[in-house]
Amino acid sequence: MVNKNVKDSRNMGRATTSTILRSPSNSKITKRSMHATNSSMMDNIPRELLIEILCRLAHTSFTDIHNAKLSCKDFHEAAEDPCVYQNMSLDNFPLVAWKPLTKKEEAFFTKCQDCQNPEIPYRQAVLDYFTGKGPKSALAHLQGALNANHIGALYVTCIILLFSGEDELKACGMKLMAGMKKSKYVRGKLKEHRDRLKSMLRTMWVENPALRRRPVCCTKQDNHRRRSSWEDMVDDADVHCEGCSVDSEIKFLLDSLPRL
Ligand SMILES: [Zn+2]
């Protein structure tokens, strides 16, 4: 009897929902009902949790945040929290704008900057270094992103040190890069940032002459390379020679660059 009631009530729910959704004359009721349901659901979610959810969403996709903001008032209000702007992904926006930014876009970037979004100094560092403005300006911007534990910023810092042309700095870059690869979590993030950097490099004029002098990190004379392809080694945890591991990163980066 209990089961039958449960079944009946489920069917009734289904019938009611589908009837409302099917009937054009009830579209106002549908919207109102759904809005009421959304509102009551939102009332039960603490604002801190809502912001946390939106921060995670912002980190992966600007478009998803934009859509979430349009979906209801609570999302719209919570999405204006500085924490959301601090975590906002800027992947939807080209590194080099080919036309002037609109006022709305300018206001958006200013808000991201005011909220200390590490993507802002990171992107500026990538632009400065690879277009040949010199490492000083790039490293200064990277520091801002490193303060927020931006793994891409650490990766680009390693690249700058490796291509510095100075043995001491190169050794420092090797140590940093090898250290990053020891953590499974960081290796996963590194892959993400490496691919993002590759996409960014395709959109700019790479003119840094330092990138023409390829550093070599593995100086071992014995035949210890176990693989014929270095590409296999980029994400491999099982590479015992730090020099080879870093050389595989250097090769990946140089292969990603437009012809210098
Ligand atoms: Zn080696």
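Keep in mind that glycine also has a Cβ here, set from the backbone N, Cα and C atoms.
The annotation compositional bias 'Basic and acidic residues' is assigned in TrEMBL to 1-11.
TrEMBL lists 14-28 with the feature compositional bias 'Polar residues'.
On the 0 to 100 pLDDT scale, the model's mean across the domain 'F-box' (43-90) is 89. Sequence annotations record features per position, and here TrEMBL assigns domain 'F-box' to 43-90.
Residue counts of the domain 'At2g35280-like TPR' (93-201) by helix, strand and coil are 80 helix, 0 strand, 29 coil (DSSP-based). The domain 'At2g35280-like TPR' annotation in TrEMBL covers 93-201.
Positions annotated as region 'Disordered' by TrEMBL: 1-34.
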